[in-house]
Amino acid sequence: MGAFSEKQESLVKSSWEAFKQNVPHHSAVFYTLILEKAPAAQNMFSFLSNGVDPNNPKLKAHAEKVFKMTVDSAVQLRAKGEVVLADPTLGSVHVQKGVLDPHFLVVKEALLKTFKEAVGDKWNDELGNAWEVAYDELAAAIKKAMGSA
């Protein structure tokens, strides 16, 4: 992978700030998009047993965790050119939940669409690409950890 630029890191961080302005709403959008593409994914998340509820603190917390890990990936890519998982159990958790390769694509699409909505007219290809690279590298690190789980 090529170098992750300072500008890419800045784009990810600034759009993360936009997301944080309305976490419950954006979290609900994120999981709604996931379930539209992969309805069976509802069974992978205990907090979705009653559907997508923006007032559910577990839904909000998990969405924030996914997005924050992607932001952290951008920071790591800029600083050292690779992503190292802060939580070594992520691989085994994903294996236990039955996560397969196509699920990562569904999550990526939902993440990008959620951020597109969060930033509105500030969205552009450069911003989308920065998030895409950060997420792809995070997903690769999780998949690697899944292989050794």
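Backbone N, Cα and C define each Cβ position, glycine as well.
The structure displayed is predicted, hence computed values, not measured ones.
Annotation comment: Swiss-Prot describes SER46, LYS65, HIS94, LYS97 as heme b binding site. The annotation O2 binding site is assigned in Swiss-Prot to HIS62 on the grounds of similarity to another entry. According to Swiss-Prot, the domain 'Globin' annotation covers 3-147, on the basis of sequence analysis. The nitrated tyrosine annotation in Swiss-Prot covers TYR31, TYR135, and the record cites similarity to another entry as its basis. The annotation phosphoserine is assigned in Swiss-Prot to SER46.
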Query raised in the report: Taking the mean position of the Cβ atoms of SER46, LYS65, HIS94, LYS97 as the heme b site, which residues outside that list, in the same chain, have a Cβ no more than 8 Å away, listed in sequence order?
Result: MET44, PHE45, HIS62, VAL93, VAL99
Query raised in the report: Tell me, how many other CB atoms lie within 10 A of the CB of LYS97 (heme b binding site), whichever protein chain they belong to?
Result: 14
Query - Protein Cβ atoms within 10 Å of TYR31 (nitrated tyrosine), excluding its own - result: 26
Query raised in the report: Over the domain 'Globin' (3-147), what is the model's average pLDDT?
Result: 94
Query raised in the report: Closest of the recorded positions to HIS94 (heme b binding site), Cα to Cα, picking from TYR31, HIS62, TYR135?
Result: HIS62
Query raised in the report: Counting only residues 6+ apart in the same chain, whose Cβ is under 8 Å from the Cβ of HIS62 (O2 binding site)?
Result: SER27, PHE45, PHE47
Query - Using Cα positions only, nearest of the recorded positions to TYR31 (nitrated tyrosine) (SER46, LYS97, TYR135) - result: SER46
Report task. With DSSP as the yardstick, break the domain 'Globin' (3-147) down into helix, strand and coil residue counts. Result -> 117 helix, 0 strand, 28 coil
Query raised in the report: Around LYS65 (heme b binding site), how many other CB atoms lie within 10 A of its CB?
Result: 11
Report task. Could you state the whole-number distance in Å separating the C-alpha atoms of SER46 (heme b binding site) and TYR135 (nitrated tyrosine)? Result -> 23
Report task. Could you round the CA separation between LYS65 (heme b binding site) and TYR135 (nitrated tyrosine) to a whole angstrom and send it over? Result -> 13
